[in-house]
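Peer 1: Here it is, the structure, as structure tokens.
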Amino acid sequence: MAIDENKQKALAAALGQIEKQFGKGSIMRLGEDRTMDVETISTGSLSLDIALGAGGLPMGRIVEIYGPESSGKTTLTLQVIAAAQRAGKTCAFIDAEHALDPVYARKLGVDIDNLLCSQPDTGEQALEICDALARSGAVDVLVVDSVAALTPKAEIEGEIGDSHMGLAARMMSQAMRKLAGNLKNSNTLLIFINQIRMKIGVMFGNPETTTGGNALKFYASVRLDIRRIGAVKEGEEVVGSETRVKVVKNKVAAPFKQAEFQILYGEGINFYGELVDLGVKHKLIEKAGAWYSYNGEKIGQGKANATNFLKENKPMADEIEKKLRDMLLNNQDSTPDFTVDDNDGGVEETNEEF
């Protein structure tokens, strides 16, 4: 016991010295950390929030969203911004691709008058802006669109055709080391949009990879693979995309789940359509033939009419959403619209035919 008491005294002295040198909170017992419950922001898709396990994207962390062209990457991040703004949070969009459409952003519910936007000239400038905003503690959500467009200064000042091996990867690696701690301290969510490239000469396995080196893969708490798997049609007219998102890495809940939802052109994620689908699946909404009803009240004939009814009756939609979140997020053994994939968390191939 005497040895234990001596150890306790030595530990207390060491902790006191560390806190004196580096400040209070620089070391603590894990159970004393009041930030253990991760705060989240909704993605705008109920099935994706449930697939993520925590109810959305985690604050104070780095998130990577990648996929092929026109798969819905920017749309998903704009929906996250809209949800964050509705919760009273401040958001910034680093538009490295110089392609953000403010009209489309407004249609998705983004308050563009209060959205901070930067169109940096170089990758270093973009990442320095991210770091400055994170250190300020005044910005809650940062989006970088995209990693592939973060061009190192040396490459911009050089000639086309010059070789710049590993420059972008080194830049990203250094930025991740600086950003990770600042994001945690300020509880800022940083979302990187990324593109897919093909590795040359891969005979077996998946040839797909993401740009910017490996650092982002390690530092990201959540990685989402988003793909277009089909079209949404009204008659012969294509009005949207059927979209599948796979959670290929998740440090805040169980990974490898997936969600499917519709992205409607000019409207964004078909949230009320998800409510109908998940409500029927989990027996909150009754379906008899083509008719849908909730608590004995008919809400529409056909999914489109039921969706429009919920859109116009927000209290009922909010009630269904709350019941689904309570049922599915508090019981992580249940799997709604998604399945578990046995992969290693990398980019994976999909053989969907459109």
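For all residues, glycine too, the Cβ spot is worked out from N, Cα and C.
Marked as ATP binding site by Swiss-Prot on the basis of sequence analysis: Gly67, Pro68, Glu69, Ser70, Ser71, Gly72, Lys73, Thr74. As annotated by Swiss-Prot, region 'Disordered' applies to 331-354. Here Swiss-Prot flags 339-354 as compositional bias 'Acidic residues'.
What's the neighbourhood like for each of these?
Peer 2: Secondary structure from DSSP puts Glu69 (ATP binding site) in coil. The C-beta environment of Glu69 (ATP binding site), restricted to residues of the same chain at least 6 apart in sequence and closer than 8 Å, consists of Gln195.
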Peer 1: Fewest other C-beta atoms within 10 angstroms of its own C-beta: which of the binding-site residues Pro68, Gly72 fits that?
Peer 2: Pro68
Peer 1: Run through the Cβ atoms and count how many others sit within 10 Å of the one on Gly67 (ATP binding site).
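Peer 2: So the Cβ neighbour count for Gly67 (ATP binding site) comes to 25.
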Peer 1: Cβ-Cβ under 8 Å from Ser70 (ATP binding site), same chain, 6 or more residues apart: which ones?
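Peer 2: Result: Arg228.
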Peer 1: Does anything in the same chain, at least 6 positions from Thr74 (ATP binding site), have a Cβ under 8 Å from its Cβ, and if so what?
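Peer 2: Those within reach of Thr74 (ATP binding site), by Cβ under 8 Å and sequence separation of 6 or more, are Leu100, Asp145, Ile193.
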